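**Q** Just dropping this structure here.
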Amino acid sequence: MTRLDSVERAVADIGAGKAVIVIDDEDRENEGDLIFAAEKATPELVAFMVRYTSGYLCVPLDGAVCDRLGLLPMYAVNQDKHGTAYTVTVDAKNGVGTGISASDRATTMRLLADPASVAEDFTRPGHVVPLRAKDGGVLRRPGHTEAAVDLARMAGLQPAGAICEIVSQKDEGSMAQTDELRVFADEHGLALITIADLIEWRRKHEKHIERVAEARIPTRHGEFRAIGYTSIYEDVEHVALVRGEIAGPNSDGDDVLVRVHSECLTGDVFGSRRCDCGPQLDAAMAMVAREGRGVVLYMRGHEGRGIGLLHKLQAYQLQDAGDDTVDANLKLGLPADARDYGIGAQILVDLGVRSMRLLTNNPAKRVGLDGYGLHIIERVPLPVRANAENIRYLMTKRDRMGHDLTGLDDFHESVHLPGEFGGAL
């Protein structure tokens, strides 16, 4: 196993104006980024970064800073597969030459981090790429963008970093992997940490959710405890339906059956046949009830994969005209999937969950939760109920979004798919 350094050392180095290396999850980019605080940028630091990285230097910024500086999205429809929020590129208006030199880019970085700077201090386009970090940092999105802003803030500096991916010195044309990054860190006296470690540190020292209420909820699947949460970063309320003891005198929080369910008014409440959400929620509650122990976490604010109810209805109009569920979102200028699971992960941790069997057909959901210190020991598939109204939608989820759905090609209205449930499940 690769030797890692402490988050405390990385924070101290950032505060001292040094660079650090941060590695993300192997199921995500699986890359190491060189990171330093933007306000500490010097020509020497920038030249070092350019020499050992791809050279595509970015400056992650807090959302409020982006708003103050008028940094609009680079493209209206973000199609980046990891959701990196690129904004329009910039150069400092004054004190630079062409903008590309290490000295010029250091000047632009420091200006981006300066709380006194305004939008008019920059020219657009330029040679530095600002990125908009998610509010809540790595607890909301486990990316290098958020890690850079978190590290700067934890060091007592302005919420602005500088990042770029380290390239391999052994395999030209590839990005450096973990073992090579450790050697590189030792050669240059740099701290090497992971985003997972940063998440764990923040989880131990900070809390971004609040448990507000708890009540008994009798359902047709038996009785659950409904535990309500709020988040300081979202004006949204979430509910966890809990069955049995998750963690306590007789339970250690391991091997918990968990469903993280995205809100779907049309499917969950109205019984729409355009999606499989309602039947999946019902099946999850039934499976947890039958297990006698588990959690069904109902995530509000995830309507339409995060685009909202009215946008979802607009997307339905486009689907009726021939677009699939992905293209409909993109035509509306919206991402195919805007959900994040950071708050859900914190709720599960608060409930005492340590390891889980995750009820989902969506492998991306596993990645979205796994980066938060929750150990997913198994992905448990949910049964699928296909019909003439949702078969194309299900095929799109399988073919374009990577969902693990089998039997769809053999579907016709009179035949049930493998694992389809009835009222007895």
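The backbone N, Cα and C atoms fix where each Cβ goes, and this holds for glycine too.
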**Q** Out of Gln177, Gln280, Gln346, which does Swiss-Prot tie to the same GTP site as Arg259, Val260, His261, Ser262, Glu263, Glu303, Gly304, Arg305, Thr325, Thr360, Lys365?
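**A** Swiss-Prot lists Arg259, Val260, His261, Ser262, Glu263, Glu303, Gly304, Arg305, Thr325, Thr360, Lys365 binding GTP, and from Gln177, Gln280, Gln346 it also lists Gln280.
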**Q** Which value does the mean pLDDT take for the region 'GTP cyclohydrolase II' (205-425) in this predicted structure?
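**A** That region's mean pLDDT is 87.
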**Q** Could you check which of these recorded positions, His127, Glu165, Cys264, Arg339, sit within 10 Å of Glu303 (GTP binding site), going Cα to Cα?
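**A** Checking each Cα against Glu303 (GTP binding site), the hits are Cys264, Arg339.
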**Q** Between Arg259 (GTP binding site) and Glu165 (site 'Essential for DHBP synthase activity'), how many Å separate their Cα atoms?
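**A** A Cα-Cα distance of 35 Å.
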**Q** Could you check which of the recorded positions (Glu165, Cys275, Cys277, Arg339) sits closest to His261 (GTP binding site), going Cα to Cα?
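**A** Closest by Cα: Cys277.
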